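*Asks:* Below is the structure I would like to discuss, written out as structure tokens.
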Amino acid sequence: MITAVNRPAALHINLAAIKENTRQAKAHLKPGQKLFCVVKANAYGHGAARLAPVMEEAGADGFCVAMLDEGLELRRAQIVKPILVLGLQPAEEAALAAANDISLPVSSLDWLKKAEKVLRKEGLQLKIHLAIDSGMGRIGFSEDEDFKAVNEYLQGNDAFFVEGMFTHFASADSADASYFDYQVKRFKHMESLLTVKPKWIHVDNTAAILFDKDVASDIVRFGIGLYGLNPSSAPGSRDLEPAFALKPAMSFVSELTYVKQIHKGYGVGYGSTHIAEEDEWIGTVPVGYADGWIRKFQGFKVKVGDTYCPIVGRVCMDQFMVLLPKEVPAGTPVELISADPAAPNSLRRAADWLDTIHYEVACQFNDRLDRIYDNE
């Protein structure tokens, strides 16, 4: 997808905020713990290749990604620190990962057997992390016998280096710690079955650290907090207070490209879902659902100049319209998303409007949007 650098619409990413969030996370670790910055999904929409060096400078000890291709992107960006893929990859890609010093997760004995054939053929050793399903229900070993079989298979097997063992918490961002405690107990049980001792045991995610639920983890996988966003932010929920202040890094700005007056009874947008109740001023903004600004944003208020104005009519593929209180000139700045967490158009408020989480909103902003990096 081409990046539209010649239109007046861009995501602004505050590098000073990214640095500060990374430093704060690093400072909050216990002695000996490593900080692995999670930059999957293009750093939650913020730009992984651009931000990873910034995080590295601010103290990152390694990086986590969702898939091998994301790890390869970091290597091309000259990142040399450890990279862990969190999602399962085809066994056929084991050699490519090993050749680029990228660690892969393991969830089955069958995968190991297939990967070993590939590695033996190329004369390579792969760093692996054993994934444990302690209660997320997603990937990982959950049955004792399966895990014991893998443990036995890895004894003396030089095709693999058991670098880590990990799990992921389903509810570390909840005030109710009962399920969190259950997962910790289940993980420790699985750990007791392992005689091939990993270099790193890691369970802590952003929520576990921000809400002081650290479980003696060698690595902290710090994700959404890097971008200044509170993981405890489901729609309608009460945010848990983080252990340190977070600084949102993303804002989304554009401008009015066209302003016109319409008369009473005139329709706006596909399906004419807005009908003017009187003579009205309508402004057009050159952003649409093809950029990730989806149709459900109809009715949401964006900041035009100093005034919050509702989106009227259905959001189009490449444009949307706003109802203005009066005539304003084309070229007037429009702030779609504010980096101020208290603003009515913050990423959190946008997520509330869409009945989702801010993770999803940030990730849906795609590569057609230019990303401008400020405050270097």
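The backbone N, Cα and C atoms fix where each Cβ goes, and this holds for glycine too.
Annotation source Swiss-Prot lists active site, proton acceptor at Lys40, Tyr270, citing sequence analysis. Marked as substrate binding site by Swiss-Prot on the basis of sequence analysis: Arg138, Met317. The N6-(pyridoxal phosphate)lysine annotation in Swiss-Prot covers Lys40.
For the listed features, I'd like the structural context: burial, neighbours, distances.
*Replies:* According to its DSSP assignment, Lys40 (active site, proton acceptor) is helical.
For Tyr270 (active site, proton acceptor), other Cβ atoms within 10 Å of its Cβ number 12.
For Met317 (substrate binding site), the same-chain residues that are 6 or more apart in sequence and have a Cβ closer than 8 Å to its Cβ are Gly288, Tyr289, Ala290. In the three-state DSSP reading, Met317 (substrate binding site) counts as coil.
The 10 Å shell around the Cβ of Lys40 (active site, proton acceptor) contains 19 further Cβ atoms across the protein chains shown.
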*Asks:* Can you check which residues sit near Arg138 (substrate binding site), meaning Cβ under 8 Å from its Cβ, same chain, 6 or more apart in sequence, and list them in order?
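*Replies:* His168 - these are the non-local Cβ neighbours of Arg138 (substrate binding site), listed in sequence order.
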*Asks:* Work out how many Å separate Tyr270 (active site, proton acceptor) and Lys40 (active site, proton acceptor) at their Cα atoms, rounded off.
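*Replies:* Cα-Cα, rounded: 35 Å.
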